[in-house]
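Trainee: First, the structure itself, so that you have it in front of you.
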Amino acid sequence: MHCLGAEYLVSAEGAPRQREWRPQIYRKCTDTAWLFLFFLFWTGLVFIMGYSVVAGAAGRLLFGYDSFGNMCGKKNSPVEGAPLSGQDMTLKKHVFFMNSCNLEVKGTQLNRMALCVSNCPEEQLDSLEEVQFFANTSGSFLCVYSLNSFNYTHSPKADSLCPRLPVPPSKSFPLFNRCVPQTPECYSLFASVLINDVDTLHRILSGIMSGRDTILGLCILALALSLAMMFTFRFITTLLVHIFISLVILGLLFVCGVLWWLYYDYTNDLSIELDTERENMKCVLGFAIVSTGITAVLLVLIFVLRKRIKLTVELFQITNKAISSAPFLLFQPLWTFAILIFFWVLWVAVLLSLGTAGAAQVMEGGQVEYKPLSGIRYMWSYHLIGLIWTSEFILACQQMTIAGAVVTCYFNRSKNDPPDHPILSSLSILFFYHQGTVVKGSFLISVVRIPRIIVMYMQNALKEQQHGALSRYLFRCCYCCFWCLDKYLLHLNQNAYTTTAINGTDFCTSAKDAFKILSKNSSHFTSINCFGDFIIFLGKVLVVCFTVFGGLMAFNYNRAFQVWAVPLLLVAFFAYLVAHSFLSVFETVLDALFLCFAVDLETNDGSSEKPYFMDQEFLSFVKRSNKLNNARAQQDKHSLRNEEGTELQAIVR
């Protein structure tokens, strides 16, 4: 096997000759340089993973830690120079602040003495005798570890080694496993210092960790909804399409209503004091505005395209007939979903470890502080690029596999005898020859996605700094341009993958050939394909709507302690990727079928010498659709001619 890249098509005289569209048996590796680049990129990701394992400590974020470097709820290793470190805290799972009503921040560090305790004091303790009694009865020692409970009332150092009196009643909260004071005045001071002055990245990571079970449950909900949508499209009827569109409309309106209701609830809540709550309120307003705009656009499109429902049902029935030639195509997304879940879990674990990476430094008094390591922010950015590029690569592999299977089944003369194992055959061709092409296509998508994220971040930053309307307008225009480019590249990539599956050419050659042949035959199927893609997109919107609604209801209960807007965005992103990985089966099959149809028209004429590969049902469907489009075009021209020939009347004043 010679991996030399793409072939150039030239005649014997050296002049370019016309592309011969035929599925290739003998292939060459394509875009190998891009595959090598992806390998180098993943070498960097593996280095970051190893570094996060060595330097990170996600447990400190998840379980909390005391002032001496001990992680609560765990058995710890000693820190050199800290005599009270290295203790077994297996039974002491809660973080207790000895001066919870008067926390202070000096520089970037929280000036506090914290201990790991087995229980939080649920009643106020007014004297050292009560602190001693609480320790003897509950086994929860609220003074520094070096002081025995017997000496709480006898040692002259007890005042400095025990909590400031009175000790307010407190209750353990799942986030950080901290003992949170319950008296109103202490709670307000405690929360404003502890939560508002924590680094934003750590607050986000803590929100993700505290809601990890909810996030996982919502991903499972997105999986169930995606499966339901996939089987709806598999056995689609006109009635199901009407029910489906009604559900989409109700879902959009319902989510918009809930978001505006939550914003109204926040604005009328006089108890909001934390920055996290204010951030949540701003994010809810942003979500509400964006969802309202999307809802309005989609409702207009649904109203305009409502008359094409019958053609859509026929289109999906033809698609299902193609899928029946390779029925295991419907199970391909399960493998994609499993790989995506594994990668996302690994990515989040590394992110948490990076967020907690720090070097232990012993301060005076034997206390331990963790200083952030240099370069962590750059690693976090590199890690984020890895999330986008690798996720797109996994989804692109699925698109290439499905396109290859459709190509194999389409270019088969014996329709009653489909080829054996088309999916495995397509997967093997992808793995051995065309991984570089998929890497290049996914890289182009990532190059557009990353600036979109940066523009969105800068737009939010400008909004907070109250910059002028012109700058915000320019950023919105940039975001819209990147969005349009992203959608165009997605469509171009899909057709390029199908062309690579047919001809075995590299990405750029395939994209150019696909663009030429689709432009030449666009009159046959552009409107049908666009409406089919629109219906599939509505299916993805339905999955995201109901998943986000579940997230709103779940996260809103803990809104006082979480920056839940970011976990909700993460849930929406994962829900869309899950829905896309499942429903894109139909989208990929549709695009591949129409490209194969265009190739069939280009290379055959339906005669006995050059018969079409397509079946009669597909051909008659395209003809009916073209007649409908031509009739509407003629009707529009006729109405325009009538308007042009209308006699001008005098203006009566």
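Cβ from N, Cα, C; glycine included.
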Trainee: Ranges 384-404, 447-467: which does Swiss-Prot label transmembrane segment?
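Mentor: The listed stretch tagged transmembrane segment in Swiss-Prot is 384-404.
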Trainee: At the Cα level, what's the spacing in Å between Asn151 (N-linked glycosylation site) and Asn136 (N-linked glycosylation site), rounded?
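Mentor: Rounded to the nearest whole number, the Cα-Cα distance is 12 Å.
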Trainee: Give the nonlocal contacts of the transmembrane segment (334-354) in its own chain as ranges (CB under 8 Å, at least six residues past its ends).
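Mentor: Answer is 48-49, 52-53, 55-58, 61-62, 205, 208-209, 219, 223, 376, 379-380, 383, 386-387, 390-391, 394-395, 397-398, 574, 577-578, 581-582.
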Trainee: What whole-number Å value do you get for the CA-CA distance of Asn136 (N-linked glycosylation site) and Asn412 (N-linked glycosylation site)?
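Mentor: About 82 Å separate the Cα atoms of these two residues.
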Trainee: Do you know offhand how many angstrom separate Asn503 (N-linked glycosylation site) and Asn412 (N-linked glycosylation site) by C-alpha?
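Mentor: Their Cα atoms are separated by 15 Å.
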Trainee: Using DSSP with the three-state reduction, classify Asn503 (N-linked glycosylation site) as helix, strand or coil.
Mentor: helix
Trainee: Cα-Cα, whole number of Å: Asn521 (N-linked glycosylation site) versus Asn412 (N-linked glycosylation site)?
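Mentor: Computed Cα spacing between Asn521 (N-linked glycosylation site) and Asn412 (N-linked glycosylation site) is 22 Å.
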